[in-house]
Amino acid sequence: MTDAAPNQPVNESQELSKSFEPAEIETRWYDEWAKRGYFDAGRHVETGTDPQPYVIQFPPPNVTGTLHMGHAFNQTIMDGLVRYHRMLGDDTVFVPGTDHAGIATQIVVERQLDAQKVSRHDLGREKFVEKVWEWKEQSGSTITGQVRRLGASADWPREYFTMDARMSRGVAETFVRLYQQGLIYRGKRLVNWDPKLLTAVSDLEVQSEEVDGHMWHILYPFVDGPQTIIDAEGNTVTLRGMTIATTRPETMLADGALCVHPDDPRYKHLLGKLVELPLCDRNIPIIADDFVDPDFGTGCVKITGAHDFNDYACALRHDIPLIVIFTLDAHINENGPKQFQGLERYEARQAVVAELQAQQYLVKVEPHKMMQPKGDRTGVVLEPMLTDQWFVAMSKPAPAGTLNPGKSITEVALEAVADGRIAFYPENWTTIYNQWLNNIQDWCISRQLWWGHQIPAWYSEDGQVFVARSEQEAQEQARAAGVAGPLTRDPDVLDTWFSSALVPFTTFGWPEDTPDLRRYLPSSVLVTGFDIIFFWVARMVMLTMHMTGSVPFKHVYVHGLIRDADGQKMSKSKGNTLDPVDLIDGIDLEGLVRKRTFGLMNPKQAGAIEKATRRQYPDGIPAFGTDALRFTMAAYATLGRNINFDLKRCEGYRNFCNKLWNATRFVLMNTEGHALDGDGGELSFADRWIVSQLQALEAEVERGFADYRFDNVANALYRYVWDEYCDWYLELAKVQIQQGTPAQQLGTRRTLIRVLEAVLRLAHPVIPFITEELWQKVALVAGKRTAGAVASVSVQPYPRANPQAVDAEAEAAVAELKSQVEAVRALRGEMNLSPAQRVPLVAEGPTDVLSRNAPYLAALAKLSEVEVVAALPDAGAPVQVVGDARLMLHVEIDVAAECARLDKEIARLEGEIAKANGKLGNASFVERAPAAVVEQEKARLAQFSETLEKVRGQRVKLGA
């Protein structure tokens, strides 16, 4: 696509600069693309056509700071797909957005206030929320800037924030409808509670950590005096009471019962009897339930329904009282004995254990490893807490009048994957998705925070609840119900993942039936890390299908997580994070140290982090540019695996960009000023070969995009550009331009520029900036745009393989030429010739092939001449055999000196072989050395042996 305009961001008369400097190019071209509207839906497609939509939604980054390497990886994959489909002619929509990230954002802003010795309670809710909005504006613009730096061709007019007015409307509408359908309800339930944040947290936000704890064994005396039981060995045993074991003795203050298995013969006669609750003026019953393991410990457990998830279910089944013993900040409340009231939970533990021991209720204490649940945001040990919360019913059948009546939202989500409407890449994630949905619990969606979507529910003074889209609507409901007086809004906010789950359809205008919603839902693919399949992916499927009847996306591409070079998770506390912008622009050592040691949760870690950073990056991080970073990310994108990120890979792909730049300079120098549009000219076998290879590249790249194998795309581009086009074809083209006829020169020049132009289009989705800059110059010469016209590679047709251009004969001819060149280079190495020394080659074999290849051999193997003979002379020189050809360098040598040199080399190699055999024959070395070191030594031995055989062969040819 081209459109005439006077302003072209490239000086067409200026020569391409000598070196690739990405910074200036990136800023200039991103602004230009956005200004021209290439990223906007519908703007880049041909008028009068009805292209198919191709839609990708950002997984919205949290507005809690800056993008990390995982975001850079995600953006590379998503933008690569979008640019590819834009060039295919699809109507691409790449929807950007950011997430309000309730808990995470509130923590960040509260920390800022803490530094000023101010709490959110000092400010009040309204002022605090204002502060968060201020911070969001600052952080959100930083993130947007970073996304642009990564080259994301996003449809910026569609940018959203999950608390924008239009998004908030969709959230409220969804909540109200689900409530009216009986699929959202409020109830007193046991939840994971963060006593620092004072909010419920999702099961998925719980991180379990193994710790060294204790098991306390406590005696609960029988109220009726000692009882007898028959133990497992058949002995009659008299018990003063029941002994239970617990890792949390402080919670015994809330016990409601003791429980045994109903089929445990030891305790059947004790069912219904009462025991004393130590330290409390209460008696509790002995009950039976199948959940008890009779073979674990004494086969008796305590039931603390308000502070343990297993106990909670048991207590409900048996109507056992739920006694809450903790305040919301985890101190003993008024339900505990007076002596413990007001104590923090761990202080209470010490006091309870001391009192149990003093009153002889403590039987014994044992060390015990245990899993401790912690909040992933605060690291605080979570407390099961009985509170009033809002829930989404995950397994309840939807009522009549909904889009899927009689089916739960979970059933519908499972069916969408089972029948192929949604496909996972790689496929194994389907199993994980299904396992989670088949074991799902109702979703607690309320959070006791100030930042987020406030729950659209209002309460009357007598406790009636009115769920409505607005306070006015709630008032109308109250009046209709005969309720007078003020209404108070529920202070809680919704789980961040609730609003995020609505993104696939609320971003396109739902609940209105908009043209965008009809055209762009479902998205084509969701690109995401496996860590949020449950948090986000499954919930998007459930809610999108329930509210709209459509799947949210057709494909889910699941990638691994970015780790450091040693495979460690990147985290601020480890000091091993990398900012993608630092890899693009570079950062000096002092700046990197400051960035890694600033704002640590534990400032004591700063010294170790600084030391490690100075050791790892003594010169800081060089500027690689966006294209090199993107190429690196694409090359790492194997299906589903975690990625150990190594900066050396970035350096390699920066070198690739330099190679492409320099190749373009060479091509332009040899093609500019020549009339290369139209047909004509004579194509050599080398010209036909590089065009034939291009077809294979185009097919491989197309297959890679279709299969989400971005590593294959990147590797195919790298191999073709570096190995085939630059290292071989450019060298062959030099020969053809210098020695060919005018028709041959024209054919080669046309091939040089046309293949390069196609390569730039092929590589554009991966490395957009350098390809745009180079294409502007190359396209003029290749006849793909006219001088003065505005055009962009980003909206050019994507190259497709042409089977008619595959040339097996040319492929075979170049393969043979390559083998001959490499054979002559091997001869030069064997004869220890310097690179500058030009020597003649004598060749025996097929005359037509050798004569055709002679000028290329002379140029690429640094030969003074190539003589084709009927038979090689008996000169005692080494010979290389390539197919039917025999090749020999005709070099006059001092035989005595060469014999002496070879004898010396033989002695050296024999010494190396003896040393290697000595090591490998040493059992201690083989057993104790790392396997990699042993394998390396074996490889050295094999290499020395192979070289020795060749050198001995040369020595034999020279005689005594």
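Yeah, the Cβs are placed from backbone N, Cα and C, and that goes for glycine too.
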Quick test of your reading of Swiss-Prot: among 39-49, 61-71, 512-522, where does it put motif ''HIGH' region'?
61-71
Take the motif ''KMSKS' region' (569-573) and count its residues per DSSP category (helix H/G/I, strand E/B, coil), listing them in that order.
2 helix, 1 strand, 2 coil
Averaged over the motif ''KMSKS' region' (569-573), what pLDDT does the predicted model reach?
75
Tally the residues of the motif ''HIGH' region' (61-71) by DSSP class, grouping H, G and I as helix, E and B as strand, and everything else as coil.
3 helix, 1 strand, 7 coil
